[in-house]
Each structure stands twice: as C-alpha cells, then as structure tokens.
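Here the structure comes first, spelled out in structure tokens, and everything after it is commentary.
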Amino acid sequence: MLLHIPALFTADEVSRIRAALEQAEWADGKATAGYQSAKAKHNLQLPQDHPLAREIGEAMLQRLWNHPLFMSAALPLKVFPPLFNCYTGGGSFDFHIDNAVRDIQGGRERVRTDLSSTLFFSDPQDYDGGELVIQDTYGLHQVKLPAGDLVLYPGTSLHKVNPVTRGARYASFFWTQSLVREDSQRTLLFEMDQSIQQLTRDVPEHPSLIRLTGTYHNLLRRWSEL
C-alpha cells in the first residue's frame, strides 16, 4: 500500500523548518547507508545527533502519533527517529531496498522496517528531478509531493531518488515497525477501518457496525505482534 498523507505541517511551519535546514551543516549521506546502499547513495544528511534533527524529529513524531490516517494505515509499534537529507547538484540514490532492521543510535533498541516514509520540505517547483520512484507489483510510481506532505509505503519496496538537477530537495525519512508486519494484512485492516469510520458517519446507529468493528479487532488481535 502506498499512501499520501497531506499537510502534516502547515506552509508557515514548513517555511521555518526549511530555512533552518538551509543553514545547517550537512554530512555525507553514505555514513548511514548499508554496504550495498552506500554505493548507490549520493546525497547529504544531517548527523543523527544534530540538535535540529532531534527538534524537528520530535515534532514530527508528535504529529504522527496523533494523526488518525497514519495510525490507521501504519498501526505503529515503534518509529525510528526521523533522519533528514538534502539532494542537490545532481545528487541521487539509485534503486535499493532499505535494511530490514535498524539500530536506534546507541544500540539500545532495534526497529524492524515494515514501512518507509518520506516527508517533503521542498515544494515541487523549487527543484527539478528528485522524484521518489517506488516499484511494486503494479509498476513504478513517481512521487513528488508538496512541502509538508508525507508518503508511506512498504519497507520491502525497491525504490530510488532521481537526480536533482536544479535547486535543492529537503526531506525527512524514517521507518515504522508495525503491530502487523505483513503488508497485505495491514492493507486489509486499513480498508476495513476506513469503511467502519465512513459507515459510522453515514449510518451511526446501524447494528452491523458493532459486529464489523468486532471483526476488525479480532483480526488485529490475531495478526498483531507486541
């Protein structure tokens, strides 16, 4: 499932965040890549312990944990602290699949990368290229969203970032360990949850809503891992 979540941050918030990112000191993005990915990765990245990365990352996590669409789709158990990258001057990241497990800095905890996310901090008209290209069973999807918008997709997906030939593309990326590791099961639960919410608005007193909600929770109980 590939899901677009709009306006996680407002235009004013994005403007302030981008201004701060533009003034930050960036490092070579290869530092956080695996062996294979490092050969394909050509970008800049904020160090994980950078104060700005922590500040923006904490604000992102607060928004995400209170966002009904993200919660419904991701069913998050753990979220890896957001990382931040910059693509400019031909920077790109060739096709790769993210590492299955990521160590949170310091090695105190691990996160299984069931879901990947990118939050855009640059508007599409501010740079050329830089599309996030995601491959799934239905083909290739090119994603280039407005600043403040997020895309959520399975961590098992082959994906790349096209070269940025003009301007700069600022973004955050992170991974989520879901209560439900299998994408097809998460998709079914998401569609069921969205249908229940719509029916609750349309026919709030319908007696079948109780049974349908019970079925959702019984499936979640069967498939979830804690």
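Cβ atoms are placed via backbone N, Cα and C, with glycine included.
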Inquiry  = Looking at the Fe cation binding annotation from Swiss-Prot, with His96, Asp98 already listed, which candidate in His4, His159, His206, His217 is the matching residue?
reply    = His159
Task = Determine, to the nearest whole angstrom, how far the Cα atom of Asp98 (Fe cation binding site) is from the Cα atom of Arg169 (2-oxoglutarate binding site).
result = 20
Ask   = Should Asp98 (Fe cation binding site) be counted as helix, strand, or coil on the basis of DSSP?
value = coil
Query = To the nearest whole angstrom, what is the C-alpha distance linking Arg169 (2-oxoglutarate binding site) and His96 (Fe cation binding site)?
reply = 19
Ask   = Between the binding-site residues His96, His159, Arg169, whose Cβ has more other Cβ atoms within 10 Å than any of the rest?
value = Arg169
